[in-house]
Amino acid sequence: MVESWSFLDTAESNFRPLVVIELAKGTKEETIEWFTKRIVDKKANGGAQLLMKPLVTENGVENIYLVGASHLRLLLGAEAVGLVKECSDNSMRTFTYSSRKTFKHYADDNHDFLTMAECQYIIKHELENLRAKDEKMIPGYPQAKLYPGKSIVRRLLTSGILVQIFPLHDREELKKLSHSWYGRVKIGYQPLDDIRCYFGETIALYFGFLEYFTFALIPMAVIGIPYYVFAWEDYDKYVMFATFNLLWSTVILEVWKRMCAILTYRWGTLLMKRQFEEPRPGFHGVLGINPVTGREEPMYSSIKRQLRIYLVSLPFVCLCLYFSLYVMMIYFDLEQWALDYHKENESNFSSLMLYVPSIIYAVVIEIMNLIYRYAAEFLTSWENHRLESSYQNHLILKVLVFNFLNCFASLFYIAFVMFDMKLLRQSLATLLITSQILNQFAESLLPYWLQKRYNRRMKKRMCSTKSDMDLSLAEQVNMEKEMGTYLGTFDDYLELFLQFGYVSLFSCVYPLAAVFAVLNNITEIYSDALKMCRVYKRPFAEPTANIGVWQLAFETMSVISVVTNCILIGMSPEVDALFPDSKMNLVLTVALVEHLLLAIKFIMAFVIPDKPRDIQMKLAKLEFESLEALKQQVRAFEMQLHFLLVHH
């Protein structure tokens, strides 16, 4: 980089607030002064070199501060975080300030070259990389210890001095996005590029996957309707439907990888280098020297962590799984009671009572999933993982294992122990529909109603009849800081994962599962869009190249679906009649077919490339050019060294 950080001004006439920092009430003045100085100080002095102003309201200055940055500072920050942008020749390259004029749409006076989400991501990166130098504690708070290299913002958060940091909404852009996204009911694609520009790649990729998965379900739904209408009790005809299901579940996941590569290449995140992970905020331990970075940071014995996992977390998870199975057996007792009641009375009321146990069980499953989720988060945090990625992987594993057993154990028991296909169909339909209704209510409708009610109270308190577009900056900040915090796409992917299980595992018994999944996902797109735009604070953009561990989770579910559908096919009377003399031959044949289908599945996964040919060529070309540029740098260095040696 030719330019140095030192030439940047820390004041700009057109201050554009991008990020809000809220400190705890009663925060000491010396703490505020020190923290402010570190934010606005020059990079050479260990600061972030950002712009910061207090939020002034009618009540004076509160402990709320607005953070922005000059256009030049943001461009240098874009290089520091490794943002990838489109060049004038339509290729994607890592942005550098020295070569800025080779990038498409760049101009010195074009302040929209970086999206607002990218600007906020840069500011978040710079704030999180504010590190203690020689401070031993946070000024004014002796108990809040610091050590060289410790992230100041993370220490302020864990100490309770810093309440929250969140990016500010752009009301005008949000209104445009809302109108094109969910403002009117239409048949068409979502504005994924606009979503990415406003919310970042992680959220845009979730909505892209939700949209793709919904379209992928349509063939299953279209084929399932005639099977439901014309072959309701004839399970023999479901052999073809189950076979199609097996191929479908493999193809859609492989095609999604290609779609994901196309999207993330266009957005630049496919090329972004993975950054070195810092210790997560909740990580604690005895101070030591990190052998990789050479920095002083907390160290925690991996043996202690493994002991916590295997001696506490694992037994607790097993206990929860046992309790889930115990509740399942209570559900079957209720089913038997409802069946006996119906046999005795034979009325419309008794017919309705047949569905009551499944509905109650579906509600209990959702409650148990929720309670277990909190317990899993507490346990995973207590295990004291150093990295956020490790924490997330252990949390996802715990939650997926319990949710899978809790949601599907009863269906496996009905299918392969009780052999009751009619009850399996009834239970599957009830569990699927009830869980979809509960999720829609709990995730979107209830938070939206509560947020709308709060907004009305806030406007009444401020004696304001203005619309959201006409609110002053102080009113907007006060409104947004009380909104709920979006906790990420974990729950959204989990819901789709369970839905995929309902559709793929036993759909040959209940072909309408795909129909209800499509209807739910269409409403989910609109309700999740409403939730992102109106219910929650704007989340920080997070670059990502794929859906991460969820891709593996979906692929694992598709493998399990091969096994379940093969067994269901083997249990059909038509197949059973082919082996009247030997059931062992039937079992061996089903096992052989299952192994062949798994082989076909893995061959298809291998044959279908994860990235389209054109993107593979572009990536190879970029790698070649990077190697050539590196060779030229080495040659230039060798020539300079040779010149110095000769003249010396």
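Our numbering is plain: 1 for the first residue shown, then up by one each step along the chain.
Here the Cβ of each residue, glycine as well, is placed from N, Cα and C on the backbone.
The domain 'Anoctamin transmembrane' annotation in TrEMBL covers 195-621.
Annotation source TrEMBL lists transmembrane segment at 212-232 (among others).
The transmembrane segment feature in TrEMBL is assigned to 238-256 (among others).
Residues or ranges marked as transmembrane segment by TrEMBL: 309-332 (among others).
Within the chain carrying the transmembrane segment (352-374), a Cβ under 8 angstroms from the stretch's Cβ atoms is held by residues 320, 324, 327-328, 331, 334-335, 337-339, 341-342, 399, 402-403, 406-407, 410, 426-427, 430-431, 434-435, 438-439, 442, all 6 or more beyond its ends. What TrEMBL lists as transmembrane segment is 352-374 (among others).
If you look up TrEMBL, you'll see 395-416 (among others) marked as transmembrane segment.
Look at TrEMBL and you will find 496-519 (among others) tagged as transmembrane segment.
If you look up TrEMBL, you'll see 586-608 (among others) marked as transmembrane segment. Same-chain neighbours of the transmembrane segment (586-608): 246-247, 250-251, 253-255, 257-258, 555, 558-559, 562-563, 566-567, 569-570, 575-576, 578-579, counting only residues six or more beyond its ends whose CB sits under 8 Å from a CB of the stretch.
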Contact check, the transmembrane segment (496-519) vs the transmembrane segment (238-256), 3+ Cβ pairs under 8 Å, seq sep 6+: yes
